[in-house]
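Below: one structure, written as C-alpha cells.
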Amino acid sequence: MRDPFPFPPIPTLAKATQPWADRLSLPTLPLHVHEVIGAAALYTFVHVVVSPILSNLFFSKYYPKHSRSKKANWDTHVVSLVQSTLINVLALWVMYADKERAAMDWEQRIWGYTGASGMIQALACGYFVWDLGITLLNFDIFGFGLLAHAVSALVVYSFGFRPFLNYYSTTFILYELSTPFLNIHWFFDKLNMTGSRAQLYNGIALLVTFFGCRLIWGTWQSIEVYKDMWKAVHRAPTPEYIQSYYNTTRSTIDAENVMLFAAKPEPIPVWLALLYVASNLTLNTLNWYWFFKMISAVRKRFVPQDETKEEKSDLIAGKGEEKGAKSTATEQAKRSLIVNRHRRQNSIEDLIPDNEELREGTIQ
C-alpha cells in the first residue's frame, strides 16, 4: 500500500535529507522526513498553543498556570492523549487496509516496506522527536529516565527507515491502545474526580486494554519477531527471490514492490538484532512488572478478609476486658482507625499504580 499521507514528499527537503540517509543507511527516510517533521510540529503546536487555550477555557480552575513543572506535566499529558488516540486509529486502519502488508512472509517482514507502514513509523518518530525536545528543555522536571526513554524509542523506530522490521512498526504501536485511558485517569485525579464512577469505568477499560494489548498481543508479537530475526541473522533472501519482486518488463520499478529497498539484502547484523531484542525485552518486562503491581494492589485492597476479621475480633476482646472502664486515648485511636478502614470507599486508585509511577517506568 502506498503512503496515504495527504501531502507528498517535499523535493527540497528530501534532497537535503538524502546525504544523511545515505550515511546512516536509512534509504526510506527521504520519503517520510516531511511526516516526521510535520508530526513533531503538530505535537509542539498542541503543547504550546492548543493545550493552554483549551485548558484555560474549560478547566481554568484546575489548570496549573503558575507552576512551571505542573503546567509542563499537564500539557504533555494533553499531547500524549492526542498522539495515542491518533496513532491508534491510523495503525488499526493500516492493518486493515494494507493488503501488501497482510500478505508478507518472514523475509518481507524483516526487509520489506510499504508506504502505509512507513507513515505510521514516521508519525511515531515525529512524536519521539517532540518528546526528546520537550524533555531536554525541561530536564529538571522530567529527569534522566524520560530522557533515556525518548532517545531509545527514537533510535529504535528510526531503524525502520533501513528498512528494518517496517512490518512491525504498526504491530507494536498498538501498545498505545491503553495510553488514552491512562491519560484520562490522570486527568480525573487532577479534576478532583478520584473514585468517581466515571474513573471506575475508565480504570476497567485501562486494565482490560493494558492486559490485552501490552501483555497478550505484545508478548505474542514479540515471539513472532524473535523467530523472524533468528532466521534473518543466519540467512538473507536469495537473488532469485528478490528478482521475482521486480518488474523487468518496464523501465521503472513497480511502486508496490514490497522488496523495493532490498535489492541486495544481507543477513541482519547481530548487534542490530541484539539491540532490538534488548529494547523489546525491557519494555515487555516493564509491562509485566506494572501489571503485577496492579494485581498486588487489587489483592491488598479487596482480598484480605481474614485480616479484617482478626482486627474486629481483637477489638471485641478489648471491649470485653475493658468493659466498664474508660477507654484510653490509644484504644480510641485504634477504634477510629478500624472504623475508618471499614467506612473507606474503594476507589479506582486501588486498582492501578499512580500515573507518575507509570511515567517513571517509561510506560507512555
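The backbone N, Cα and C atoms fix where each Cβ goes, and this holds for glycine too.
Record features, source TrEMBL:
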type	residues	note
COMPBIAS	310-325	compositional bias 'Basic and acidic residues'
DOMAIN	69-303	domain 'TLC'
REGION	310-341	region 'Disordered'
TRANSMEM	36-58	transmembrane segment
TRANSMEM	78-98	transmembrane segment
TRANSMEM	110-129	transmembrane segment
TRANSMEM	141-161	transmembrane segment
TRANSMEM	167-188	transmembrane segment
TRANSMEM	200-220	transmembrane segment
TRANSMEM	268-292	transmembrane segment
Query raised in the report: Ranking 36-58, 78-98, 110-129, 141-161, 200-220 by Cβ pairs under 8 Å to the transmembrane segment (268-292), which is first?
Result: 200-220
Query raised in the report: Between the transmembrane segment (78-98) and the transmembrane segment (167-188), are there at least three Cβ pairs closer than 8 Å, leaving out pairs fewer than 6 positions apart?
Result: yes
Requested in this report: Using a Cβ distance cut-off of under 8 Å, indicate which of 36-58, 141-161, 200-220 has the most pairs with the transmembrane segment (167-188).
Outcome: 200-220
Query raised in the report: What parts of the chain pack near the transmembrane segment (36-58), using Cβ distances under 8 Å and only residues at least 6 beyond its ends?
Result: 7, 13, 65, 74-76, 78-79, 82-83, 122-123, 125-127, 129-130, 133-134
Query - Per-region confidence, the domain 'TLC' (69-303) (mean pLDDT, whole number) - result: 85
